[in-house]
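According to TrEMBL, the feature transmembrane segment maps to 6-26, 33-56, 68-88.
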Amino acid sequence: CMNYMLPVSYAWGNFSVLAVGIWAIVQRDSLDAITMFLTGLLLTVLTDIIHISIFYPSRDFLSDAKRFSIGMAIFSLLLKPVSCYLVYRMYRERGGE
């Protein structure tokens with residue numbers, strides 16, 4: 001889906017946060033895991049905005065595959081605040097202040 005439009009750092013950042021998220025779900029009693037996951041999600045919101053704004057192609061070079069790829073990246077970016085809210089609720093349930 002990424003169609004080599006966004007740099008490799010976009011994929012590495014999002015996949016590493018996904019791995020920390022899996023760790024946070026598996027370790028139910030760990031407050032550190034959920035804190036790292038929430039911090040990573042907030043950081044990837046900022047880096048996703050930067051990546052999409054810098055590497056968005058001009059209209060002349062926008063094929064259907066690239067349009068779909070950037071659409072999914074923007075959709076992922078729009079869903080991240082909802083994910084941050086849900087992870088914050090999990091953080092509060094685990095005893096975070």
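Using N, Cα and C of the backbone, Cβ positions are placed for all residues, glycine too.
Packing against the transmembrane segment (68-88) from elsewhere in the chain are residues 1-3, 5-6, 10, 14, 21, 24, 34, 37-38, 41-42, 44-45, 48-49, 51-52, 56-57: each is 6 or more residues past its ends and has a CB under 8 Å from a CB in it. Remote same-chain partners of the transmembrane segment (6-26), defined as residues 6 or more beyond its termini with a Cβ less than 8 Å from a stretch Cβ, comprise 33-34, 36-37, 40-41, 43-44, 47-48, 51-52, 55, 69, 73, 76, 87, 90. Under 8 Å from some Cβ of the transmembrane segment (33-56) lie the Cβ atoms of residues 5-7, 9-10, 13-14, 16-17, 20-21, 23-24, 27, 70, 73-74, 76-77, 80-81, 83-84, 87-88, 90-91, 94, 96, all in the same chain and six or more residues away from its ends.
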